[in-house]
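Copied over from Swiss-Prot, here are the features:
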- 19-28, Asn110, 137-138, Arg214, Asp252, Asn363: substrate binding site (BINDING)
- Glu174: active site (ACT_SITE)
- His250: active site (ACT_SITE)
- Cys369: active site, nucleophile (ACT_SITE)
Amino acid sequence: MKHFEANFDGLVGPTHNYAGLSFGNVASLNNAAATSSPKDAAKQGLKKAKALADLGLVQGMLAPQERPDLHTLRRIGFTGTDAAILNKAAKEAPALLRACCSASSMWTANAATVSPSADTHDGKLHFTPANLVDKLHRSIEPITTGNILQATFNDSRYFKHHQHLPEHTSFGDEGAANHTRLCEQYGHAGVELFVYGQETTNPSAPRPQKFPARQTLEASQAVARLHQLDDDCTVYIQQNPDVIDQGVFHNDVIAVGNQNVLFYHEQAFLNTQAKLTEIKRKFGESAIHFVEVPTSKVAIQDAVKSYLFNTQVVTLPSGEMAIIAPTNCQENPAVFAYLNELVTLDTPIKQVLYFDVKQSMQNGGGPACLRLRVAMNQDEVAAVNQHTLMNDAQFTRLNLWVDKHYRDRLLVEDLADPQLLLESRTALDELTQIMKLGSVYQFQR
């Protein structure tokens, strides 16, 4: 049976804007109040997704969230018509309105943690939506995320969906952005790496001092239990608190893995050598490549600015691996020089392909943020909602949909415009028909 690693990219929503909501994310803060282009953002994402499909990879799309989120605004006391609620929120609590208008669900690396059937006791593919409790604008996502995942992976013979973890900082969970999987082949049992920022039940344990550690050890352990993973196929690694304080808010900003390659910065983890030894022991006899990038070649600041590690490492049909990188990596001399050297080294990585995802990058999300990886066999791929998979017809359909519904420019002050709410709901209602999702949004119920 054939096995694949599919990428499910987040479709950028109609309210994509730069509100600077993500403390700890340098790009998000630096671009606060800039003018965004929802249309360009969506098209950049679709273009990248289509390019990966054209490379022969299984590529899907996940629908965006309903924004502005009137349901949340009503929960926190705003009343009246939709237009009245938007007007009141803009005047009385503009920060809360901005949080309820974020298009952050585009970064599907934070949508959920996924464990493939080859790793789980029951032989099913498991999904746990991330609770994202550290950031208000993301903490309102998990229920709809669960709805969208269940509408996408909708065959209970193959897919097991869990509720997100309890909404408390002890279980702060940021999903696949702090999780990677190493394996010889996608269909073989692998080693799942859970990277965390702090251990909340141990006050004396290391933790960052400037920026929050969004992922807890307790959350990672809970997800592993839910997914029925054996201890001999899981490794828990603490991210270096110093790099969190330098803007590395998720592990996928400082490390990425694919099959038998772990690509990481030398400052990424605590107790690196001991953890690499544990990974190697649990990985077994097969060859594994630890590709460590030294600070002398790429400083943390350059890694964060370029998103060198927020790249996708993918296996092409030829068996070679390629890095899917943002064009920002070409524009950083140190990073570009390193990548040109990397493809000449004795590793499976032999190509670097560059994509313009600047609308996402300016909000702090690179190619890896935009995708949720799902390793599947051919029967599981066949069981996926086929209307969520990328192909020529769907690419054309979704681009026409974006052209019809999305604005060319959006400012933060536009978020209170009742017309934007109407445009967004009209677009999403049509999208659920294109992707055959059913009624996944509050306004449809």
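From the backbone N, Cα and C atoms, a Cβ is placed for every residue, glycine too.
Keep in mind it's a predicted model, so treat the numbers as computed, not measured.
Under the three-state DSSP scheme, His250 (active site) falls in the coil class. Each residue contributes its Cα atom, and for Arg138 (substrate binding site) and Glu174 (active site) those atoms are 10 Å apart. Sorted by the number of other CB atoms within 10 A, the recorded positions Ala19, Leu21, Cys369 start with Leu21, the lowest.
If you measure from the Cα atom of Asp252 (substrate binding site) to that of Cys369 (active site, nucleophile), you get 8 Å. There are 29 other CB atoms within 10 A of the CB of His250 (active site), with all protein chains counted. Glu174 (active site) sits 5 Å from Asn110 (substrate binding site), taking the Cα positions as reference. For Cys369 (active site, nucleophile), the nearest of the recorded positions by C-alpha distance turns out to be Asn110; the candidates were Ala19, Leu21, Asn110, His250.
Cβ contacts within 10 Å of Arg138 (substrate binding site), excluding its own Cβ and spanning all protein chains shown: 25. Ala19 (substrate binding site) sits 20 Å from His250 (active site), taking the CA atoms of both as reference points. Asn110 (substrate binding site) sits 9 Å from His250 (active site), counting Cα to Cα.
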